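Enquirer: Pasting in a structure now, in structure tokens, and then I'll have a few things to ask.
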Amino acid sequence: MAKIKRIITTLVRLLVLGAALSATIVMVTSHDSAEVLNLSFDAKYTNARAFVYFAITNAIASGYSFIALFLSFSTPLWHLVFLLDVFMTLLLTSSISVALAIADVGKKGNSHAGWLPVCGQVPEFCDHVTGALIAGFSAAVLYLVLLLFSIHAVLNPKP
């Protein structure tokens, strides 16, 4: 049974690592430019603090997932890993929430505030952001699954 737990945990951590790393890479490489009324502007992820937060959070989650791959269930650090899994789940959930809110404003605009949608002018940027958000959402869901599995492992430590 312990071997099955280790295999499942390793598999889910690898999936999280792939999803979070993909979200980071796709978000960091998102860039497009447009010209409107003879004015040129660049759209990149650094223009929105929410996208920067999203990229940094996913980078942290992928780094932590990589390190956690090498820890054993039998080490005393496993309870710390459990607490860090909770923290990473919350961190990823907050980053996907804030990035989705900004992406929604970018796509639809906000008529009450007078903000126009920008995805019509910079579609490549919006496509990159959408891809990053899909990968980030996958990472958050996978971390939730990993957290539930970790809760089960902590509450039922039987081999």
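Residue numbers in this text run from 1 along the chain shown.
Backbone N, Cα and C atoms are what each Cβ position is placed from, and that goes for glycine too.
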Enquirer: Do PRO76 and LEU155 come out on the same side of the membrane in Swiss-Prot's annotation?
Expert: yes
Enquirer: Taking residues 6+ outside the topological domain 'Extracellular' (108-130), which of them lie with a CB under 8 Å of any CB in it?
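Expert: Same-chain contacts beyond the ends: 26-27, 29-34, 36, 43-45, 51, 99.
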Enquirer: Determine which residues of the chain contact the topological domain 'Cytoplasmic' (74-86) at the Cβ level, with the cut-off under 8 Å and only residues 6 or more beyond its ends counted.
Expert: 64, 68, 143, 146-147, 150-151, 153-154
Enquirer: Please give the sequence-distant neighbours of the topological domain 'Extracellular' (28-50): residues at least 6 beyond its ends with Cβ less than 8 Å from one of its Cβ atoms.
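Expert: For the topological domain 'Extracellular' (28-50), the sequence-distant neighbours (Cβ-Cβ under 8 Å, at least 6 residues beyond its ends) are 98-99, 101-102, 106, 118, 121-126, 128-129, 132.
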